[in-house]
Amino acid sequence: MKEEMDSAPMVSSLLNKLANYTNLTQGVREHEEAENEEGVRRITVTGPQMGTFIGVYLPCMQNILGVILFLRLTWIVGTAGILGSFAIVSMCCICTLLTAISMSAIATNGVVPAGGSYYMISRSLGPEFGGAVGLCFYLGTTFAGSLYILGTIEILLTYIVPKATVFQAESKETEGAALLNNMRVYGTCCLVLMALVVFVGVKYVNKLALVFLSCVVLSILATYAGVIKTLIEPPEFNVCLLGNRSLKNDNFEICAKTKDVKNTTVNMELWALFCTNNTCDDYFELNNLTEIPAIPGLLSGVIRDNLWGNYGPAQTLIEKRNLSSVPAKDVTKDFYKPYIFRDITTYFTLLVGIYFPSVTGIMAGSNRSGDLRDAQRSIPIGTIMAILTTSFIYISFVVLFGACIEGVVLRDKFGDSVKKKPVIGVLAWPSPWVIVIGSFFSCCGAGLQSLTGAPRLLQAIARDGIVPFLQVFGHGKANGEPTWGLLLTVGICEIGILIASLDAVAPILSMFFLMCYLFVNLACAVQTLLRTPNWRPRFKFYHWTLSFLGMSLCLSLMFISSWYYALVAMVIAGCLYKYIEYRGAVKEWGDGFRGLSLNAARYALIRLEEVPLHTKNWRPQLLVMCKLDSSLSVKHPRLLSFTSQLKAGRGLTIVCSVLEGTFMTRGKDAKTGEQNLKAAMASERTKGFSHVVVSSNLRDGFSLLVQSAGLGGMKHNAVLMAWPAWKQARDSSTKRNFIETVRETTSAHQALLVAKNIDRFPSNQDRLKEGNIDVWWIVHDGGLLMLLPFLLRQHKVWRKCRMRIFTVAQMDDNSIQMKKDLQMFLYHLRIDAVVEVVEMHDSDISAFTYEKTLVMEQRSQMLKQMQLSRTEREREIQSITDVSRGSIKRKKSSGVEASVATRKPVITCIPEEEVAQAQLIHDRNTASHSTNDKAAGSPPERVHMTWTKDKLVQERNRHKETLAVKDVFNMKPNQSNVRRMHTAVKLNEVVRMKSQESQLVLLNMPGPPKNKKGDENYMEFLEVLMEGLDRVLLVRGGGREVVTIYS
């Protein structure tokens, strides 16, 4: 005995668990247990104690078995037939079984908190899918509350107290409207009452959970008992038929026209229903009354008559098959006779939508994973066993109903032919009231559970913060009760109540649950196919093919049930998805779709490497060289604006910057700079990637980015940068970096775009009302000059600008033919632009050009001669300062007059440029001191330097190798440079004449000289070329064709 007690639970323990059985989730109970009866908060520490049977199996059973089983299953069997009903039940049960398998895999891959399917989908497919489907699941749960309340009121008004109606039908035509109005009034009252119960405390619902479950179990057992009893003694319920038509028998007791009483024929109640003023209905006179048993029993052979379906339009009579009758000529008055009519048009797909809610509720176990002793084991076993059990119950009921009950009774939805009793109640033993009372309390309990669970599901979604307009529903009472969520749930539930038809609400409910199940299957399939390292479910009996089959079945059932409801549900989910994507909070939950994106990206990158890129697929993949200031903020944000305006080609964008130093010392600065880049890109709506590298010098950093940015086939093919402020730079490194970048992009066959006056470019909020985008096509660069304005005009900033193309003709060119050829070329390229050919005549080199070239070369030569190291400059300044101080001391010691007589200053022999050089060096070394002095308010000091001829000779001899100054005034300009300058000046004159007022000017960018000795003059040529123009984009092609005339 002791060994048995150790291995098996005691009876008292089992009874205690049953007594404490609840169908509520852990979060709901925690809210209620937070306060005791006196309202004092208390803390209870209880470990999860529920096993598979109490924690998963029974809640799933209670949620699955419900209103449809008791109120509609017999009608579905009678309408669709046994075979049709078997197909409906099998499809729905297989759908939920496959979904349960997928759900078990997801639920055993980690802990699933409150939220159930929402939590699983959102963490598997991402916040967008999770939020959209979670709200669909919330709407489904809310409409389920409407369904159960309507079922409760239908049982109340049809079977319990049919006389308790508020609206009375004045005629036969108004009976339907009166019934709907009564359903609305009583349904609203019931909804308010249930909402008050949930608001006051779900602990009352918790205490009644076992009562509700017992009602369901007793009702099912009573039905099975009634089936067994038909083998022994069928129930004494008879159905009265007139001809082959079924009659309502609530207004008569005897199924006969007349009756002989003491040799006198007496008219019965039916006579009064069909005859008035001794004039009887034609059909009543022509046909006889027949009384047949409503429940013939299992051995009666009625199963053969119920195998096939019997569909029909609304307001048609319910007639018995294989029973002949004499038709009447006048059928217009049949509607007013006590016949039984179909209330709605019946067809197979409608029955699927009405039946499907009866198999929902499979998530009850996964919602309670925190309450379970071993969730990894209990959820799969309990859920699948509950589905198998309920599937057996449904399928067995389909067969038993068809084998025991007469067909006309099965098709009688409200039991009018059996004294206003539910058809399943007529079959049940010992009394129909077992079914009536059991189904009534079952529907009440299910409605309360829906009103309890839906607000908490909404609260879980709101607290995740992925749907901004739901933030208010994340709050509640002090103990966490979702008060605002309950109010919204009641409001939505009232919509279903106002529909007032169980058959109309059921398909709506089916859509939302089917969408939820569809994405549970999709989540499992995606995770399985991706084979992510974190996908390690303890439930092993799953496969991606089963998940795809379940997903396909869900989608098929959606459109089978109601294609328009399916489309509406998809549109709602799609709108929610896009809203969350656009406005929702950014969440990283390691979802499967991110993994799917990674796999797809990897596959696409590998495919891009296999074949070279065709010209038709070319688009600007930009590497944007963005400069950061001392505070690591973006110096030219308009460069990012211009980038987004160029992105009509939908290409790649990589925004980069270089920091000088080592990564060990400036790693944090690099991360900060990258965050600032991302923020600037977001504010300018530039979609792409950002990256900040740290290099020992800027030149190496730029070279590294040009060579290695991008990945595989997604590498940049163009570099965008701002025109450097090289004239204001303190040294020549800015100029050298720019020229080397030009050389490297040319060597890498990458295009280069250089924007001058980038801060004057329009922002994304600007709208250029008019103006021109002028292209000066001097050298063919693969068509990039023509493609860029086309891409810019796709953006709303430049959309109203006109594109003009200028080309230059020499003296020996045929300008008219050139214009025709260019127009034809643009026509084939499908680019709309105005073409203009500008003729440039050979003219003499002007004195201005000659002088400009000379000044340029003189400055370049002087800068070469002045390339002193910092130490040498400081030493030179120090020596000059020492001489000045010595001179001042000598003046003090020997007197002013002697100094003037013996030491006459020689200033005229010193070139002005050398004095300026010395002053410049001194100013740079004393800049910080002067700044501090100015900040302190003291007047700036000026150093007076006196140079003598002897001192000058001494200093020149000392730094002979460094300061070997040539006589720059005797220089003659290089003729090659003069010609280049002449070309730049003349072209600039023509561009300014034609494009001075243009919104943007695009120019061919000439390449740097191959000999690096000419680098000093290259920047001068470009400055002259762009002089006097507001917005300029220098374009240098990458050496390949980027446009084509072919489709």
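The backbone N, Cα and C atoms fix where each Cβ goes, and this holds for glycine too.
The transmembrane segment annotation in TrEMBL covers 50-71 (among others). Under 8 Å from some Cβ of the transmembrane segment (50-71) lie the Cβ atoms of residues 17-18, 21, 23, 147-148, 151, 154-155, 209, 212-213, 216, 219-220, 354-355, 357-362, 364-365, 368, 371-374, 377-379, 381-383, 385-387, 389-390, 393-394, 397, 422, 424, 435, 438-439, 442-443, 445-446, 449, 502, 506, all in the same chain and six or more residues away from its ends.
The domain 'Amino acid permease/ SLC12A' annotation in TrEMBL covers 56-232 (among others).
The transmembrane segment feature in TrEMBL is assigned to 83-112 (among others). For the transmembrane segment (83-112), the residues of the chain that approach it from at least six positions outside its boundaries are 76-77, 119-120, 124, 307-309, 348, 351-352, 355-356, 358-360, 362-363, 366-367, 369-370, 375-376, 379-380, 383-384, 387-388, 390-391, 394-395, 398-399, 402, 514, 517, 520-521, 523-525, 527-528, 534-539, 541-542, 546-547, 549-550, 553-554, 557, judged by C-beta separation under 8 angstroms.
If you look up TrEMBL, you'll see 132-162 (among others) marked as transmembrane segment.
Residues or ranges marked as transmembrane segment by TrEMBL: 183-202 (among others). Tertiary proximity for the transmembrane segment (183-202) is limited to same-chain residues at least six positions away from its ends with a CB under 8 Å from its CB atoms, namely 24, 28, 31-32, 145-146, 149-150, 152-154, 156-157, 166-167, 444, 447-448, 451-452, 455, 481, 483, 486, 490, 493-494, 497-498, 500-501.
According to TrEMBL, the feature transmembrane segment maps to 208-227 (among others). Away from its own ends, the transmembrane segment (208-227) comes close to residues 18-19, 21-24, 58, 61-62, 65-66, 70, 235, 295, 298, 393, 397, 400, 404, 424, 427-430, 434-435, 437-439, 441-442, 444-446, 448 of its chain (Cβ-Cβ under 8 Å, at least six residues beyond either end).
What TrEMBL records for 344-364 (among others) is transmembrane segment.
As annotated by TrEMBL, domain 'Amino acid permease/ SLC12A' applies to 346-623 (among others).
The transmembrane segment feature in TrEMBL is assigned to 384-410 (among others).
Per TrEMBL, transmembrane segment is recorded for 484-502 (among others).
With a threshold of 8 Å between CB atoms, the same-chain residues lying at least 6 positions outside the transmembrane segment (508-530) that come near it are 95-96, 98-99, 101-103, 105-106, 109, 117, 120-121, 124-125, 129, 133, 136-137, 139-140, 143-144, 147, 352-353, 356-357, 360, 496, 542-544, 547-548, 550-551, 554-555, 557-558, 561-562, 565-566, 568-570, 573, 592-593, 595-596, 599. As annotated by TrEMBL, transmembrane segment applies to 508-530 (among others).
Taken from TrEMBL, the feature transmembrane segment applies to 542-566 (among others). Non-local neighbours of the transmembrane segment (542-566) in the same chain are 91-92, 94-95, 98-99, 101-102, 104-105, 349-350, 352-353, 356, 507-508, 510-511, 514-515, 517-518, 521-522, 524-525, 528-529; each lies 6+ residues outside the stretch with a CB under 8 Å from one of its CB atoms.
What TrEMBL lists as domain 'SLC12A transporter C-terminal' is 740-892 (among others).
Residues annotated as domain 'SLC12A transporter C-terminal' in TrEMBL: 969-1047 (among others).
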Note: vs the transmembrane segment (484-502), the recorded stretch with the largest number of Cβ pairs under 8 Å from 132-162, 344-364, 384-410 is 132-162
Which sequence-distant residues neighbour the transmembrane segment (132-162)? Criterion: at least 6 residues beyond either end, Cβ under 8 Å. 66-67, 70-71, 115-118, 121-122, 125, 179, 182-183, 186-187, 190-191, 194, 357, 360, 414-415, 420-422, 425, 436, 439-440, 443-444, 446-447, 450-451, 453-454, 457-458, 460-461, 467, 489, 492-497, 499-502, 505-506, 508-509, 511-513, 515-516, 519, 569, 572-574, 576-577, 580
Going along the chain, which residues at least six beyond the ends of the transmembrane segment (344-364) come within the CB cut-off of under 8 Å? 23, 56, 59-60, 62-69, 72-73, 76, 79-80, 84-85, 88-89, 91-93, 95-96, 99-100, 103, 116-117, 140, 144, 147, 309, 311-314, 383, 386-387, 390-391, 394, 503, 506-507, 509-510, 513-514, 557, 560-562, 565
For the domain 'SLC12A transporter C-terminal' (969-1047), what's the model's average pLDDT? 76
